[in-house]
Amino acid sequence: MRTHYCGQLNAALDGQIVTLCGWAHRRRDHGGVIFIDLRDREGLAQVVCDPDRADTFKIAESVRNEFCLKITGKVRPRPAGTTNANLASGEIEILCHEIEVLNPSVTPPFQLDEDNLSENVRLLHRVIDLRRPQMQNNLMLRYKTSRAFRRFLDDNGFIDIETPMLTKSTPEGARDYLVPSRVHPGQFFALPQSPQLFKQLLMVAGYDRYYQIVKCFRDEDLRADRQPEFTQVDIETSFMSEAEIMALTEKLIRTVFKEAIDVDLPDFPRMTYAEAMHRFGSDKPDLRVTLELTEVTDAFKDVAFKVFAGVANSEGGRIAAMRIPGGATLTRGEIDAYTQFVGIYGAKGLAYIKVNDASQINETGLQSPIVKNLSEASLKAVIERTGAQSGDLIFFGADKAKIVNDALGALRIKIGHEKGFVTGAKWAPLWVIDFPMFEYDDESKRWTACHHPFTSPKDEHLDLLVSDPGKCLAKAYDLALNGWELGGGSVRIHRSDVQEKVFSALNIGPEEQQAKFGFLLDALKYGAPPHGGLAFGLDRIVTMMTGAESIRDVIAFPKTQRAQCLLTDAPSGVDEKQLRELHIRLRQKVETQVEVGQP
């Protein structure tokens with residue numbers, strides 16, 4: 001039906017007859033001459049309809065926004081002074097010879113150039129929203145990014161292999177989406193949270209290098225960077241060390257950013273998990289922010305201020321200081337707002353000291369309600385360790401280490417961007433390595449896996465699996481960029497005896513091991529090769545590339561933060577016949593639970 005896309009037209013086509021198909025983005029009547037901006041996925045083209053062609057002009061008069069049109073005409077230069085440098089076709093226009101309305105449109109629920117639209121309105125009318133140039137640019141970039149991943153992986157010997165969507169429910173950290181089986185009453189499939197076990201089995205089967213751009217599912221509470229179904233670039237390889245996997249992956253990400261958005265990423269420094277938490281309170285720190293945390297726990301063990309002394313002498317407590325250069329000018333209102341902010345992360349308060357005169361380590365030089373209850377030695381230690389100068393402010397976090405890290409880590413980012421404590425770099429990648437294998441869950445009184453139960457411990461820490469799991473480090477690595485986790489992975493356990501020890505450390509007994517992971521343990525006994533890999537969140541990567549506020553802006557049909565699709569009204573109820581076929585009966589009071597096995 002057409003010869004060209006609108007965005008492909010340029011001055012080189014001057015004098016040629018072209019046929020375009022698309023939508024009327026805007027129609028303007030200028031004193032007897034009608035201009036139609038025709039839009040398709042590649043861009044806009046200006047079409048000129050003059051009264052000399054009466055039939056064509058009459059149709060043009062009836063055209064309204066979002067009419068679907070087919071237009072044939074002659075390419076010609078725009079008159080002097082009317083070119084548009086913002087358009088690929090901005091030097092030319094189309095003199096309309098023929099116009100056909102392929103389908104008229106009712107009045108759209110909003111104009112495509114409206115800025116102040118609520119997200120719910122956009123998601124309810126997603127088809128119209130997807131016509132907006134910004135959304136089309138986002139999804140085109142998503143395609144280019146996926147293509148760049150595929151090209152690199154194909155060129156480096158990776159094989160694209162599909163893994164099952166209907167699989168077994170296994171504990172991987174989040175709730176599974178369950179699918180009831182009609183032919184096996186009372187039993188359920190689960191939608192995969194990742195292809196983790198299947199890609200490991202493919203390595204055991206000898207496929208050496210695997211990849212897949214795949215949908216994954218997690219039934220978890222949503223945030224700006226989460227969706228119940230999301231896309232990851234999943235990678236696994238055999239006979240490669242931790243360092244070799246990271247080197248190949250770094251080359252992959254550099255290639256993808258260069259091909260997709262023409263960005264040359266800077267060096268990828270490496271930092272241990274312990275250092276990242278110590279200095280930044282985060283395992284995915286934004287290195288563009290120059291503020292850092294300073295450890296001062298030991299300085300407050302003997303002070304009169306019980307809030308600090310209690311934490312300093314407790315197991316698992318941490319007191320960290322964060323120096324804000326020039327922060328003594330912060331108002332009481334600003335400090336109160338920051339105090340309220342850290343409360344989101346469980347902090348009970350936000351102590352501070354204004355450094356009016358760094359040479360006087362007393363109430364004259366230091367201004368704060370807590371100074372009188374702190375010793376000169378403790379105050380001197382804080383000033384020296386933070387490097388505080390006159391005119392600075394020091395914030396303190398004092399609580400369990402996790403709360404301090406979460407609260408001050410988030411405050412660091414907030415103040416850093418609000419007050420301009422950032423470097424000029426646009427991109428700041430970072431490898432975080434040497435993660436702990438386990439973390440202790442106080443609520444369940446047991447160890448849990450920091451990554452997943454299939455991550456290999458460091459060779460020199462194998463004995464710690466039994467003797468001291470808390471000190472055991474993993475062959476795990478995460479790639480962070482600008483404070484976002486782009487992806488993460490690990491070398492996997494390839495010996496069944498080691499896998500059994502890790503399960504035991506996680507309080508998964510022999511019977512449960514066989515019931516849930518027997519197929520994996522058996523496979524590892526058949527000469528499983530050393531293997532490892534990682535996965536990248538495609539949605540997050542494209543979000544960063546576009547600068548979008550939410551990953552919902554780079555997904556064609558996303559769910560809301562309540563895990564709903566407003567366009568199709570999903571999830572929705574089903575009729576009684578379908579429930580009977582699945583051997584499910586809803587409780588009288590509508591709840592999320594179901595009773596299984598009842599006809």
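For all residues, glycine too, the Cβ spot is worked out from N, Cα and C.
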Same-site residue for ATP (record: Swiss-Prot; known: Arg218, Asp219, Glu220, Gln227, Gly537, Leu538, Asp539, Arg540; options: Glu162, Glu292, Glu295, Glu485): Glu485
84-87, 196-199, 252-255 - the range that Swiss-Prot marks as region 'Aspartate': 196-199
Maximum Cα-Cα separation in Å among residues Arg218, Asp219, Glu220, Gln227, Glu485, Gly537, Leu538, Asp539, Arg540, which the record lists as binding ATP: 20
Candidates His30, Gly81, His451 (recorded positions) - the one closest to Glu220 (ATP binding site) by CA: His451
Alpha-carbon spacing, Glu485 (ATP binding site) to His30 (site 'Important for tRNA non-discrimination'), which is rounded to whole Å: 52
Fewest-neighbour residue among binding-site residues, criterion Cβ within 10 Å, set Glu220, Glu485: Glu220
Chain residues outside the region 'Aspartate' (196-199) and at least six past its termini with a C-beta under 8 angstroms from it: 163-164, 167, 170, 172, 210, 212, 234, 236, 452, 454, 517, 520, 533
Fewest-neighbour residue among recorded positions, criterion Cβ within 10 Å, set His30, Arg218, His451, Arg540: His30
